[in-house]
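J.: Here it is: the structure, laid out below.
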Amino acid sequence: MRRWKKILSASLVAVMVGSLGMTAFAEDTSANEPIDTTVSNYNLTEKETSGKNQEEIKALQQQKIDEVTQQAYDMKIASNELENWPEGPATYGEAGIVMEAKSGAILYAKNIDGKAYPASITKILTALVALENGNLDDKITITQNSVDCVAEGDAYIGMIAGEEISLNDALHALLMASANEVAYAIAENVGGLGYDGFIAKMNERAKELGAVNSDFENPNGLNAQNHYTTARDMALITQELLENHEEFKTIAQTQQYTIGATNLVNQARTFQQSDLMFYEGNDYYYPKTIAGKTGYTDEALNTLVSCATDDNLELISVVLKTHGKNVYPDSINLLEYGFNNFAKYTIADYEDSADFKEIDPNAYVVLPENVNFQSLDYEITQDDTNSSTGTVTYTYQGNPVGKAAVTLSDEYLQKDNTENEAQVSGDKSDSETQKQVQSTIPREVILVICVIAAVLILIIVWRAVLKHLRKKKVETNRKRRREVDKD
């Protein structure tokens, strides 16, 4: 049985063609060598190509690719600057992150808040919103708009306007074959939101998850100027889908899927998983992989989200704007870095602060060997004002390493209330002092001051009037003298 699976895996890999995220029908599975579906691209300007033949242009393009790839490789890795933190690998992408899925600990960080085009990894958020607002047996109707959104070279499975499939079929086409017309149709149909409402829900949900540096304009990731994300944001979105929707792993681990005949088309459609990390028998096979999503556009270059487990840690890696086949080795290196250098530490076993009455016994932080629990900082967020429950979030030199649900101690609550009262008292002190000063002045004194002020004002006005009258009298006398002199 296992041998049969290996043969099938190699066969399925062989029929995937084009760029990351593109699909092919599984009509020919005779080849036995996997095809590298990653793409390297650099668009030369007209000035750069002027006067050059095809060979010179090709050589210049490769030179430019090598230059920008090296620049990405040389970019600073922020997590390497943490004291006693294991040195993470350089990558050929412009952004990368490794997050532990259950704790939210960030193990590796390279430009994780830098904005970049996501390409088809956008569909992770599309799947999340669809699963949260629909049911797997919901009907998805393909419209002409969804068909028209696909341009030459875009991934699709050949749906036509008027066809009807289930949301379950649609999610397989979305996450495995990266079908762009199906992504559009999901947005049009799910939850009664309408297309625009679905996109609004995507952005709303992203912000709720902490993905505050992203903006999504469509459900498929086709390039748009204001459609962007970050490595951190995509990790947070993937974390929610991975941890709360088992369908993501089930679909991702499916190597081949068939949508049967529909109401308009009698022929079945068969397509394969586009992520090579699932397939035995190729250079990019990674047996710890449990889910993932590929992406590519000319502007985004290669993007890849990978989820993996070693039965101890469950990791999410995200790489953005990567040239060519480096997207797979980079992702594997990042995941192996996480598995080889970090371990769980149960918070309840190490936390001795009097702030906590109870700590979730299953919660943990993820740390390297040379960083101890006592070196961590923590911040408490109460569920509600004056609530005895909340969440404690642990950081190491500003880097998140885990969190736990807690019940706060009476001592903490009393201290918190005292601090709040002191703050309120401090805010009121200025106005109260002013009132106290005002109340110590007798009314009689205030009345006398007002009378004196009024008299002074009258004197000033009277003097001004007298001065004006004198000036006018002087001018009249001068005028009379001039008239006498003339006579």
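Just so you know, glycine gets a Cβ as well, placed from its N, Cα and C.
Residues or ranges marked as signal peptide by TrEMBL: 1-26. What TrEMBL lists as domain 'Peptidase S11 D-alanyl-D-alanine carboxypeptidase A N-terminal' is 93-322. The active site, acyl-ester intermediate annotation in TrEMBL covers S120. The active site, proton acceptor annotation in TrEMBL covers K123. Residues or ranges marked as active site by TrEMBL: S178. The substrate binding site annotation in TrEMBL covers K293. Feature annotation from TrEMBL assigns transmembrane segment to 445-466.
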J.: Of all the recorded positions given, K123, K293, which has the fewest Cβ neighbours within 10 Å once its own Cβ is left out?
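T.: Least crowded of the recorded positions K123, K293, by Cβ count within 10 Å, is K123.
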J.: Does DSSP give K123 (active site, proton acceptor) helix, strand or coil?
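T.: SS state of K123 (active site, proton acceptor) = helix.
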J.: Look up S178 (active site) in the DSSP assignment and report helix, strand or coil.
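T.: In three-state terms, S178 (active site) counts as coil.
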J.: In whole Å, how far does the CA atom of K123 (active site, proton acceptor) lie from that of K293 (substrate binding site)?
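T.: The Cα atom of K123 (active site, proton acceptor) is 8 Å away from the Cα atom of K293 (substrate binding site).
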J.: What is the separation, in Å, between the Cα atoms of the residue listed as 'active site' and S120 (active site, acyl-ester intermediate)?
T.: 7
J.: What is the average pLDDT across the domain 'Peptidase S11 D-alanyl-D-alanine carboxypeptidase A N-terminal' (93-322)?
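T.: Its mean pLDDT is 97.
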J.: Measuring Cα to Cα, how many Å separate the residue listed as 'substrate binding site' from S120 (active site, acyl-ester intermediate)?
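T.: Roughly 8 Å, rounded to the nearest whole number.
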